[in-house]
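Beneath this line is the structure, given in structure tokens, with notes to follow.
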């Protein structure tokens, strides 16, 4: 048996191991297409700001081809460094594209104010053709700008500080698009607006240079469909992270936005580790979880072997990303989602409608959190030096806090996932019973008895105070009391209806201990 277990562990480890890069064959080369990237040919701020203005106008034109749009975006993304050409050549390693750099300088003879640097050759016409979209009169909006503030006609500046603020504002809006351009483009607008408000409050961006939604949609769609552009953006992020010492302000902002980009599309894997394993609830000892725990361990080792590109595997369309989906560990994922819903309010908005979702293990996670409330881990207590008296004090305080949170209907018990609670009694999970359940059931019984007594006494008092509608009302008495006879009759009718509803609810309460809820399996199908 020991040999079998060792062989099983070795099999699982080799099964999830990434393929070895070395081999007898050579590198596979694909058919490359050429991308032209305009970069500044001198160190003048005027050249850079004019190039930025022309590229922003170029990107907003819907008639621009895909490769030309990618080249313009790469040119904007690399404008904040001192030598954009060296940066692009250093970090670009794409088997699908071949990048050609074109240096751009100022020119008074061209309509765009720019020309391509060359040795003795007049390139003004080619520059005008490139920056004017082949037809200068085709788009009035491209000439007026793509900012929400239509008073901004151009973004040409002379000082470096103003240029950095404008460039940082535009780059922030582009980088934020990468966070959900691949994983959730339909719900990206709300999160992008929250990031914009955050950086505006931090004075990292200028609110007047907010780009139009149409312009942002064009860039988001291009990021989603062009893998080469995403490869360049990820390579740029990794290059910034490797830079020692202090970084430029725009580089620090890109690293800050990276916290929303990293691990995009890996929420199931990360949340399963966070709520399913790190919480260390005793439910992990179930035999049903043994195989999936081994799978998750192999995936964690594989994640580490992938290196610095592992958090971006979904953005980079790495085929190994399918191993990390929740379908590889459905029971453990369902259990972790139940734990997460009870512990964090933000988990209530997640979509659990998957074909491999198991409601039973989801409820198992919920019950583990509820019935373990106030308990102190003996292992952590010994490591932290917590005495038994301190542990009892913590448990008592935690129990009161949990009861107060539930009584105020604020916290982990959310309405979004209320349909996932079982429509059976508390005896559905016999292994999770205890003294707390007996106290809860006893309290429910006492509450029902007191409700019946109080309801019957109130009903008798009401019947004595107000006769039923079948008895004729004394109009003279009603007139003397200052009430309208019709109002008194309507009040009596309403009181009788309330009494009838109370009787129905009382009969339902005596039949079942738990309220009737929908069947979660029917709703998830």
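Backbone N, Cα and C atoms are what each Cβ position is placed from, and that goes for glycine too.
Keep in mind that this is a model prediction, so the values were computed, not measured.
In Swiss-Prot, the annotation phosphoserine falls on 479, out of 43, 65, 479. Feature annotation from Swiss-Prot across 183, 272, 279 places phosphothreonine at 279. Checking 139, 481, 488, 510 against Swiss-Prot, you find phosphoserine recorded for 510. Among the candidates 260, 281, the residue that Swiss-Prot names alongside 180, 195, 202, 351 for the RNA site is 260. Residues 425-440 are the range that Swiss-Prot records as motif 'Nuclear export signal', among 425-440, 457-472, 489-504. Residue 279 (phosphothreonine) is 28 Å away from residue 180 (RNA binding site) when you measure Cα to Cα. Counting every protein chain shown, the Cβ of residue 260 (RNA binding site) has 17 other Cβ atoms within 10 Å. Taking the Cα of residue 279 (phosphothreonine) as the reference point, the closest of the binding-site residues 195, 202, 260, 351 is 351. Close to residue 195 (RNA binding site) in the fold, though at least 6 residues off in sequence, lie 172, 176, 179, 257, 260, each with a CB less than 8 Å from its CB.
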